[in-house]
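S.K.: The structure under discussion is supplied below as structure tokens; questions concerning it will follow.
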Amino acid sequence: MAAISEKEYVKTDGLPADTTVQPAAGQAETYRRESSPPTSLKGKAAGNADTESLNSDITLAAQEEGIDPAFYAKVQVLNRALSEIGMGRYQWELFFSGGFGWFADNIWLQAVAILMPWIGYEWIDPVHVKFATLALYAGLIVGASFWGASCDLIGRKLAWNCTLFIGGMWGVVAGAAPNFVALCCFIAFMGFGVGGNLPVDGTMYLEFLPGSHQWVLTLLSLWWAVGQVVASLISWGFIARYSSDCRDYTYDANKNIIGYCSRESNMGWRYAYFTLGAMMLFLWGLRFFVLPVYESPKYLCSKGQDEKAVEVVHKVAKRNGKVVHLTVEDLDRAAAPYLTPEEKAKGELHKGYTNWQLLKMSVSQGTQMKTLFKTKRLAFSTTLIVLIYGIIGLAYPLFNQSLGVFLRQKQAEIAGAAPSVDDSFKSYTYQAACGIPGSMLAAFLVTVSRFGRKLAMAAFTLCSGIFLFGLTAAKNNPTVDALTSIAAFFQNAMYGVMFGYAPELFPTPVRGTGDALCAAAMRVFGLMAPIIAIYSDANKSPNGPVYASAALYLFSGLIMLLLPVETQGRTAL
């Protein structure tokens, strides 16, 4: 990237396509929008007038996004540098490393849900065993809020390096729980670590992607689906081998539970927890030692640490085998027209803060949350996407966390007998495996201009609701398996688009906080699902939770169409 003098530097992203900048003497490179035909500026007066117009456009665009114009200008320079570097080795390493976090998120959601019956057989009745799910969601809420908000305050890297380790460690400990209360505590601690994966990993990955490849963030949901498959297969293997003699409670004549399985005859769920926890620790080791990550350059730039941001961009270029000529002076020139005289006098361009200073400033000013509602458009977008996350957060566990109960009751209704362990886990695995092609379809559709993010997300969500409604009318087991698998296909496709849309919607300074707010809303609403299952009559009918889940999917799909921002085709700020 050739250097451009301060007078001749003009930021052009998102501005008229025919705008270019005359290079300084001896320079051949210009900053201009891709695919834009060059049109020379004629005369100094015309150049000054055009520059003033462009500066005004940048200011208005920044105000619309609710962020500082100086940062807006600098992040466009970073986006061009990332586009020059392109999609290479570092981004694909990050795809795997970030995917580990999404893998861990769904592996525990699935494992806790499908292993719950055997936990109950050992300690507690089939209704109150659902408090294990309640504990998981409590941990997820705190984890999503803490890690998501902290990554805007003190950086993405710390949360990135901690969440997998915390989730894996407490997963192993949960497998050794001496009683049900202790198990719920350990699951909550595990959820605290796991809860940070979705908001932090998506945020970090997006901020290293060139604009042309932001669709890969949607493909990251592939790991979410794979996690569900792995959890089902591992749980199936251990339950079938080590808990085969523990399939129900012992009841008296009045159907009161008088006996539970012994620990020795019911080690399957414990071995599954040990294995999944150890797997998380192994993936954390790969993430920390083999695939180390750099701090996000956009985050660093948002905190005034321009030198470090430029250094990271050069490291990424080197990892990709590329050369980029970005300098701190490029960022200075981009931001200079938007700084007040006081800021220029104080040298605000390069003023960095310690993590402790950043934390105190943000907490005292409440800046993170305020920025999410700073403009009408951003406030409306934030409100809608948080509401959508919340509704989906209730719809998903209403059905999926009760899938085991649904399959047993539906089987009894159809055939007059509960399904075997193998039949139940086959259904879990079929359903989970169908989510993988759903992620691939989602990644394809978001790149098609006719669909875009919003329409694809709404279509997948509406289809999820439609097929769940159809499931309530199923009269035989093959139909039940087919409809649960198709619903899983569309659910995972929906999640892929939704988890990619929210990070793209929020600007860098508050991206982690926005994602945390969405994730927390999803978990808070999800927390209601086990409460509904425990204290309502919904668990007495296999179709009750399915009807409710389907209706919520349809409702949220319609709300998605009201989102005011289409993120396709624009590089994230």
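Note that Cβ sites are derived from N, Cα and C of the backbone, with glycine treated the same way.
Automatic prediction, not curation, is the source of TrEMBL annotations.
Annotation source TrEMBL lists compositional bias 'Basic and acidic residues' at 1-11. Per TrEMBL, the feature region 'Disordered' maps to 1-50. Under the heading domain 'Major facilitator superfamily (MFS) profile', TrEMBL lists 94-568. TrEMBL lists 131-149, 215-239, 271-294, 378-399, 428-448, 455-474, 480-502, 514-535, 547-565 with the feature transmembrane segment.
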S.K.: Among the recorded stretches 215-239, 455-474, 480-502, 547-565, which has the greatest number of Cβ pairs closer than 8 Å to the transmembrane segment (514-535)?
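M.R.: By Cβ pairs under 8 Å, 480-502 leads among 215-239, 455-474, 480-502, 547-565.
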S.K.: Let me spell it out: take the transmembrane segment (480-502), skip the flanking residues so only those 6+ beyond its ends count, and list any with a Cβ under 8 Å from a Cβ in it.
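M.R.: For the transmembrane segment (480-502), the list is 102, 198, 202, 206, 214-215, 217-222, 224-225, 385, 388-389, 392, 396, 399-400, 403, 407, 410, 414, 426-427, 430-439, 441-443, 445-446, 453-454, 456-457, 460-461, 463-464, 467-468, 470-471, 474, 514-515, 518, 567.
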S.K.: For the transmembrane segment (455-474), name the stretch out of 131-149, 215-239, 428-448 with the most CB-CB pairs under 8 Å.
M.R.: 428-448
S.K.: Can you tell me which recorded stretch out of 271-294, 428-448, 547-565 has the most Cβ pairs within less than 8 Å of the transmembrane segment (215-239)?
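M.R.: Top-ranked stretch among 271-294, 428-448, 547-565: 428-448.
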